[in-house]
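The disulfide bond feature in TrEMBL is assigned to C31-C46. Here TrEMBL flags 60-210 as domain 'Cupin type-1'. Residues annotated as oxalate binding site in TrEMBL: N105, H110, E115. Taken from TrEMBL, the feature Mn(2+) binding site applies to H108, H110, E115, H156.
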Amino acid sequence: MAKQIILFSLVALSFGLLAFAFEPSPLQDFCVADFTTSARVNGHACQNPASVQASDFSFSGLHLPGNTSNPNGSKVTPVAVAQLPGLNTLGISMVRIDYAPWGINPPHTHPRATEILTVLEGSLQVGFVTSNPDNSLITKTLQKGDVFVFPVGLIHFQRNVGTGNAVAIAALSSQNPGVITIANAVFGSKPGISSDILAKAFQVDKSVVYQLQAKF
């Protein structure tokens, strides 16, 4: 019986450790990222707390419109640990997203974060796709002041469906949420994925694959 209790305790502890392995709560007040060290940790090493300044915890510029003169017609301005070192170990970040009329934030995923988005200006069609085998599209058109959440890891997108510019602010549950833009990853990887594989996966001719790879 004692052995069973010990085994159960170890299993419970293991599951507890797994649950907290994803950006665990910090063990100190803060851990301002030290970008000068070569130490390899899950995140960034900490600066000496005695040397940190208010500037390590602040970022300026989210009031400035992003340049949407690109094929997607959108611009993401991130405020993650790379831009705001005080976010290190805190498990949160944010972005400003600007959209030209009919501009899109193309289908992408954040492998390490759930995202919650609110529309500041304009109208956005937003949506995400559930995992296999259902692949259900959950979509809605948002107006100014509306909020939508994209679950961690799921493919999602936004599109400006208004005649003017649109602006959104989003918060993400990671200091470094990561982003995988589906088209860029599939057709623009270095080295490229074999055209045979992509042609079979998308059930198209190789010539179509070559055309898409040339764009990325």
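In case you wondered, yes, glycine gets a Cβ from its N, Cα and C as well.
Feature map: annotations from TrEMBL on the structure.
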{"residue": "C31", "record": "disulfide bond", "Cβ contacts under 8 Å, 6 or more apart": "G43, H44, C46, Q47, N88, T89"}
{"residue": "N105", "record": "oxalate binding site", "Cβ contacts under 8 Å, 6 or more apart": "N72, S74, V76, I97, Y99, F157, Q158, R159"}
{"residue": "H108", "record": "Mn(2+) binding site", "Cβ contacts under 8 Å, 6 or more apart": "I155, H156, F157, V179, I180, T181, I182"}
{"residue": "H110", "record": "oxalate binding site", "Cβ contacts under 8 Å, 6 or more apart": "F150, V152, G153, L172, S174, P177, G178, V179, I180"}
{"residue": "E115", "record": "oxalate binding site", "Cβ contacts under 8 Å, 6 or more apart": "V149, F150, H156, A170, A171, L172, S173, P177"}
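Other than N105, H110, E115, the residues of this chain whose Cβ falls within 8 Å of the Cβ centroid of the oxalate site are, in sequence order, V95, H108, T109, A113, L117, F150, H156, A170, L172, P177, V179. The Cβ neighbour count for H156 (Mn(2+) binding site), using a 10 Å radius and every protein chain shown, is 22.
Residues T109, A113, F128, F150, L154, I155, P177, V179 surround the recorded Mn(2+) site, their Cβ atoms falling within 8 Å of the Cβ centroid of H108, H110, E115, H156, which are themselves excluded.
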